[in-house]
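**Q** Have a look at this one before I ask anything.
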Amino acid sequence: MSQQSGIGQDQWKTRLGFMLAAMGSAVGLGNIWRFPYVAGESGGATFLLVYLAFVFLIGVPLLLTEFSIGKAGKMDAVGSFKKLAPNTKWHLTGIMGVIGGILILSFYSVVAGWSIFYLYQYVTGAFWTEPDGGFGAAFDAWITNPLAPLFWQALFLIVTMVIVMRGIGSGIERANNILMPGLAILMIFMAGYGMTLDGAGEGLAFLFTPDWSKLADPNVYLMALGQAFFSLSIGICGMLTYSSYLKEKDKLPAATVGVGLMDTLFAVIAGVMVFTAVFSFGVEPTSGPPLVFIILPSIFESMPAGGLIGVVFFVLLVMAALSSALSLLELPVAYIHRTLGLTRKAATAIAGSIIFVFGIAASLGFGIWSHIQVNGNNILDMMDNLTANIILPLGGLLMAFFVGWYLTRDKAIQFSEIESPLLQNIWLIIIRFVAPVVLLIIMVTSLLGI
Ligand code: TYR
């Protein structure tokens, strides 16, 4: 087995397989759970507009940057940097990415575990009617319970591990070939159903009619950039790891734009799905993270055949979480596999166990460890903030510097595989100047808590 091509000779079977897997990484809890509540809190359509600008102006060019490092390096997050920049410290970007991936999956698996539990409650019919004390009390009782959420979180991680153990083509690619079309069908169905509800128009207006005065609020930009990074999976080398398994003939630019477009489409569809329901039942769109676990179940309960809608919704939430978790786990697995010289199975077992241990802390932070807080943030919030506000933007910044300034112009352009000279120049200007300036401003303001 050659050390030159990622994990042994493992490769994507087809370019479509790679694209579906990269879309699977991008489309996740970030689109369905995070996007609607962040958009709700930050001005609806105005937020969407700023978000779209960031995705296409900065997100997609940086995604191409990350992809190009992986495809040229043909190794895991750390190995690719070592190969392209031997005897330098650039590989620390990869190490930070591996740590970031472990942290994100630690808290991601907590929310994914809740989603599987909710799915189970809908399948058994337990949540078809409002539980005693209401959905809010039920959610609180559930997340503060010390043991039960850990079981569902472990179950989610085990499923993720079993798929990753099977490798790229037969594991991750195959799973995404099923998950992504399935997810698209279910989400389109749900958004379509949402539009038939009375009062749906108000939800659509909230999502699509901008309030220009909100553009003066700096927080909207901060939230939109963080969401764009999280949603496109940029900055921690998960996408880099995926692109290291590409065949030479599979070109990057079209795939990158495809991933950006699909991720945005899924976020908009999720927004339509959630806000049509929220407005038709007269609920505040700004209710924050519990939107999906408290507000939607209350809405489903008062809908005709709401129990079935609940089943569909939580199936799609679990599918979206799983397709992203695959890439979050592959990132440390590829690194551990190469550096420790272990089999893929052993590397997966080690990475999965580390993640579960951190995940236990994130889960207990809602209950018996809820006294562990910094500035009102519990353990999960801290992991979320550290990764979304610091590690992802910093990783993106370092990769922009690496390709834009460390590599020669010719190498950067060659690795990006952009053919049009005009686009080459635009891309270079963005990764050399625009992205670093915007990222620095946003990171500094968020670090200073402005
Ligand atoms: N993009 C995923 C989501 O929207 C989260 C994620 C972040 C997945 C970084 C992978 C990754 O490398 O839910």
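Including glycine, each Cβ sits where the backbone N, Cα and C put it.
Below are the features listed in TrEMBL for this protein:
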| type | residues | note |
| --- | --- | --- |
| TRANSMEM | 12-33 | transmembrane segment |
| TRANSMEM | 45-69 | transmembrane segment |
| TRANSMEM | 90-120 | transmembrane segment |
| TRANSMEM | 150-168 | transmembrane segment |
| TRANSMEM | 180-200 | transmembrane segment |
| TRANSMEM | 220-242 | transmembrane segment |
| TRANSMEM | 254-283 | transmembrane segment |
| TRANSMEM | 303-329 | transmembrane segment |
| TRANSMEM | 349-370 | transmembrane segment |
| TRANSMEM | 390-408 | transmembrane segment |
| TRANSMEM | 429-449 | transmembrane segment |
**Q** Is it true that the transmembrane segment (390-408) and the transmembrane segment (150-168) have 3 or more CB pairs under 8 Å, sequence gap of 6 or more?
**A** no
**Q** Look over the recorded stretches 45-69, 90-120, 150-168, 254-283, 303-329 and say which has the most C-beta pairs under 8 A to the transmembrane segment (220-242).
**A** 45-69
**Q** Is the transmembrane segment (429-449) close to the transmembrane segment (90-120), in the sense of at least 3 CB pairs under 8 angstroms with a sequence gap of 6 or more?
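**A** These two segments do not touch.
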**Q** Top stretch among 12-33, 45-69, 150-168, 254-283, 303-329 for CB pairs under 8 A with the transmembrane segment (349-370)?
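**A** Comparing 12-33, 45-69, 150-168, 254-283, 303-329 against the transmembrane segment (349-370), the winner is 150-168.
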**Q** Could you check if the transmembrane segment (303-329) is in contact with the transmembrane segment (180-200), meaning 3+ Cβ pairs under 8 Å among residue pairs at least 6 apart in sequence?
**A** yes
**Q** Looking only at residues six or more beyond either end of the transmembrane segment (180-200), which have a C-beta under 8 A from one in the stretch?
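**A** Contacts of the transmembrane segment (180-200) (Cβ under 8 Å, skipping residues fewer than 6 from its ends): 20, 23-24, 27, 32, 266, 269-270, 272-277, 279-282, 303, 309, 312-313, 315-316, 319-320, 323.
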**Q** Between the stretches 12-33, 45-69, 150-168, 254-283, which wins on the count of C-beta pairs under 8 angstroms to the transmembrane segment (429-449)?
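**A** That would be 45-69.
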